């Protein structure tokens, strides 16, 4: 099937990168980027270097979080790499981080792999089917009010009104469901939705390298998926999971002016 060679390459690369995060502790040399929680370490940089070298065996261009060039992900099939999605969790010794690789062409998510090293969980898309540790997974759709939801917050520190809307939405969803969680990693959130550990995951103004690999997995698991491009380069809004939850969260986002009503959809 198409993209199978790329699937195998992505799996090999995330496993290699994930293994590097499990090496004996070294001085992390933490660098702060746009905010106190937007950080990178020497491990991020080294994992990205090794993963990008491996992906260089394919003919497609590569965009990595820590070395992103002035390239749009809309230009053709492109590898997008987050060497450690959830760096703050990694730095603080928490399990919720992942090495994430996706191959996408615009808003077509062609294949991907995500590895959670501390949990030893490999999420991948193989022959169009989502897998967890090489066993097929299928999302079991649940009603919105019976859903546990994972959220990824955008950095709206510069926009108090938008930030207030975002937290109000979080409060509404938390009150109307079995709870709304912030785990600190877009890739982890989406993969947990694919596997049914949470019933939905959503994020606003997420970077494409955080989400692409996991979205490919979610589509392959049978999740309903809605994705809209944002005005920022390489940035998307996404909702994935159970049909009722995805539709209801999208309605709430649109009503608050946080997401476009016009989205790409899968699993409708």
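Keep in mind that glycine also has a Cβ here, set from the backbone N, Cα and C atoms.
Remember, TrEMBL labels are computer predictions, not curated facts.
Note that this is a predicted model, so its numbers are computed, not measured.
Of the residues 210, 237, 244, TrEMBL puts just one in the Mg(2+) site with 65, 82, 84, 85: 210. Most Cβ neighbours within 10 Å, among the binding-site residues 65, 85, 210: 85 holds that distinction in the structure as shown. Annotation note: residue 85 (Mg(2+) binding site) sits in a strand segment as assigned by DSSP. Listed in sequence order, the residues 81, 83, 86, 87, 98, 99, 100, 185, 186, 187, 207, 209 complete the 8 Å Cβ shell around the Mg(2+) site centroid, once 65, 82, 84, 85, 210 themselves are left out. With the fewest other C-beta atoms within 10 Å around its C-beta, 84 stands out among the binding-site residues 82, 84.
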